[in-house]
Amino acid sequence: MNIGFIGAGHMGSAMIEGLLKAQIVAPEHLFVKGGSSGTAEVLQQKLGFNLIKDYSAFKECQVIFIATGAKIVLDILKEAASFMSENTILISVATGHTVADAKEILGNEIYVVHAIPNTPVSVNEGMIGAAFDPDMPNAVKDEALRVLSSLGKVEEVNESILGTFGTVAGCSPAFVDIFMEALADGAVMEGMSRNLAYEVIAQMMLGSAKLAIETKKHPGELKDGVTSPGGSTIKGVAALEKNGFRYAVIDAIKQANQ
């Protein structure tokens, strides 16, 4: 399989790394057209894929990702359309358009997936929302899912909620990173080294997430399992509540989704 990539910014680079790490494509079968920032060139030196200057190589690609900014995505599709072969799967991770918008430009011979991933795709633990072309045959959809699933968990959603999905899955890693940093600051204030604090916190986050996924218990139930009467954990929970922790998180999602 040959895979093409338009755009190698933060998200594009994360997906390229994830695809190569999952061995869904070999470097010699990956063709990347970057922008003017130079990130594609730096990444190419590290990973060894084909860096291309125009779209002609895309004629040999069965799957093409587009990971550009929202303002230019439709113009890019118009430029690249003539270089896409019949039955190509186009996976757009850009905002600012719909599956129907892309189909209007590309025609019915190209199958479109509108996907919203997050940066953990670089380590194959992403959360990806995907809206599929309604005209896509099951076999083609299965192939698109195979490629996307190599990057993490894929959830098929209605395209109308992709924006909210992207906020929750895509913006939240930054919120979690701030939470982890704050936990580490607290640990350092209490005498723990910062390196050890980050190691402990990262493993705690990983374990807590895995526990939620595997047990399917409500987060409140998991929290209750740690908070013994009069114990240190419930006192810490009370401090979070006193300082508006829940509202701050809810408002962060609201503001990010504007």
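Every residue, even glycine, has its Cβ placed from backbone N, Cα and C.
Caution: TrEMBL annotation is automatic and unverified by curators.
Positions annotated as domain 'Pyrroline-5-carboxylate reductase catalytic N-terminal' by TrEMBL: 3-95. Annotation source TrEMBL lists NADP(+) binding site at Ile6, Gly7, Ala8, Gly9, His10, Met11. What TrEMBL records for 160-257 is domain 'Pyrroline-5-carboxylate reductase dimerisation'.
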Secondary structure content, the domain 'Pyrroline-5-carboxylate reductase catalytic N-terminal' (3-95) (per DSSP, counts of residues): 40 helix, 18 strand, 35 coil
Least Cβ-crowded entry, counting other Cβ within 10 Å, from the binding-site residues listed as Ala8, Met11: Met11
Number of other Cβ atoms within 10 Å of the Cβ of Ile6 (NADP(+) binding site) across all protein chains: 26
Summary of DSSP states over the domain 'Pyrroline-5-carboxylate reductase dimerisation' (160-257), given as helix, strand and coil counts: 81 helix, 0 strand, 17 coil
Neighbourhood of Gly7 (NADP(+) binding site) by C-beta distance under 8 A, where only residues 6 or more apart in the same chain count: Lys33, Gly34, Gly35, Phe65, Ile66, Ala67, Thr68, Ala94
All-chain count of other Cβ atoms within 10 Å of His10 (NADP(+) binding site): 12
